[in-house]
């Protein structure tokens, strides 16, 4: 009471806060957005550099000679794959054994909660085949992994061929200090998850796998190869993993250093690096690359087979070979040399990669922004929440007389009816209960009688249920709010500051905050105003229809569902593959179902986050809108 | 007649020779040392510090070639590069690229290996305070007529040298260790070579007599490595040691090159860093000190049929001392423990080196020698 602080100054500050709240919020919002956009501007970024001393420079001699033989092996693999109609296990085992590896297989099976129309699978059964190259003189304490997925059709044959060619070459060298595990996994991510769970003796996702007969020690780093053509024009590096986790930046630095040494064109996010950073198009290119990376991280799904390694603290990345219409082609021998160089350098590691950054955004392969530089943007957006909360708290504590209206508000003190407070709470609680207690299949079944649900129908059901609950249908439909939303999260920033790459969502969310601020004022004014309006809602109160309709419209636009829809279209635009509305809608539905599948299969966190935090919060706002 | 002529010729020749031998006898003992020792230390481990091991082994090879036997060399290597899992040529350590010269060879005798190379062991070797069970090969059994070569390489900084990525030796500790050696009459002259970053800081604090020091770089400078080998994947040598070895390749046991030539090794144009040296504590003129006084174990042997009167040359040495500056008198040995002085005069604590925790010798003439209670204050 005035002992340690000056009450006058405090009152002045509080008055400032309440008076200038909206402008400060607007300024913070603009500053946050501007900061984030400015991150891609090249003078504000740092050039990438190798931080790990043990890896040093690219000072090795790559001598891999057998690119053509690797491609021939790939063709053989393709033939056997077509013959067996899946993974040619016996042929792979025989080939790896002839190259001197210790070969083991692992069977796994998984029943998806509902059929995945994108990949056309429901009951997934498969086999992983892996061969271990033991280090000639070292104890079996550490390992490196090179993996290539076995996909149906005509994809990735060259990757498997190159993997086997490298295995043969590596077997003849004496300088390996770590075991190298060559893994060919079936059904890409599901197989990889089974293998990793078997390797580390964990069982987090309820998959059924046979235990691994052979092991190699703790894995220090892993690379996944995707190569579908005999020659490539560029190599793309994919870093984003499960739940937006990234490998250590040193892995990307290593890749880039070798690309420069060997002279291969290397990209990230599929976008070529440009040198004209001071021109508008160059800058927008950098912004697009960075936004793509942010959105991919926000989706929470692994964008390559490497994505599942990151959870076990294994630095991993995926290298994709891209064959576009460019004149200069790189052959398989050069790609093999690049991989050989990378593995020789990873071989020199004494401890796990930890010297460089774990949280970063890359506007190109040679420039990055670390978390210390991009977090202030989100911090500014978070400050808006804080200011709003302070403002509300101050007003709750001592409501200032509303002299500008000419009427003293005496009704603010009266608490709203019990029903209006309890109902949204009940909705949220049932949502949590349903989510945690029911298995996914039942959850899907709740909305649709057919026991085997089509994925699109599931998504549509969820959306309908969401609308229904929003309009007071009061179903376990809040459960429907559980949408896994790749690409964005409205209001996620307020729950989870640590998930990087949430700019699009926070963009929307902060706008939501602003709207909410205005809405709060609106509702207060409406209490004084005339009572009319007949909007069907949970706690329908009367208010001025145009304003309420406008607010309702804005809130619907900002709802998780719509934001996701916009993000899907935005994402396609960024990737320079814009889609028509119908295709976008289909993509949107598949995104929702993929999100649920990701959560069920690999433990992705986006779906429960949205279900338990975002959607109930939005519901509460919706109810507040129609509050008295 | 002819016989007489011949005899007279022989007589004059012999007399002339005898006169020469008498004079040359004086030169036999001009350097003052009778045996040579070498302590070669590589302080860093891990595969990417391959070049430090190669440095040390190259100096070891040169020193052996010039005559110092393994029994007089204490070789300390902190890591085993030859048998490292990452070595594509196992059991070899190369110092030139294209694998021209394998310095590991078949007859390397490493006295302190791996984790035995610590600051404590190094200082114990220097000062001789080893447990009785230590084998001879791990001891520096020098006396007051030994010339010792000490070569250190690794990662260093301003005033310290890093041992094994976990501890450091400071320049103050090193200076005190040399002072202990001086007090215990464990060396006649000592040549200290260090090839690390900011190496000159390590010899700044020396205060014992008869020390000469060389470093590969000044304070604030980094010593750079010389050449990478792409097949092995590491840098093979440091620049200073590389050019030092090129220089030593021209030295043979009978060569008369002196220390001034050694100071010219690796100028800034080749080394990028500025090598430094320190000779103010050295009694003799560096130009009169031969390279082989430290790097080789040269026995001066001349066969003669004459008897030589040896009393004169010894006096000649003392006369040399008298002719030098009077300041040199302060550098004489003192009693190890002059009890009477302790009782009657009390301790005189002179702080020559700030930061030292125990009292030590002063050079003012009336001095009291106090035995330090511990070897090093790590």
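Cβ atoms here come from the backbone N, Cα and C positions, even for glycine.
Automated prediction, rather than curation, is the source of TrEMBL annotations.
Marked as active site by TrEMBL: B:155. Under the heading active site, nucleophile, TrEMBL lists B:197. Summarising the annotation, TrEMBL assigns signal peptide to B:1-16.
Around the Cβ of the residue listed as 'active site, nucleophile', the number of neighbouring Cβ atoms within 10 Å comes to 22. Other Cβ atoms within 10 Å of the Cβ of residue B:155 (active site) number 17 in total over all chains.
Under DSSP, residue B:197 (active site, nucleophile) is assigned to coil, being neither helix nor strand in the three-state scheme. Residue B:155 (active site) carries a strand DSSP state (E or B). Note: the Cα of residue B:197 (active site, nucleophile) and the Cα of residue B:155 (active site) are spaced 6 Å from each other.
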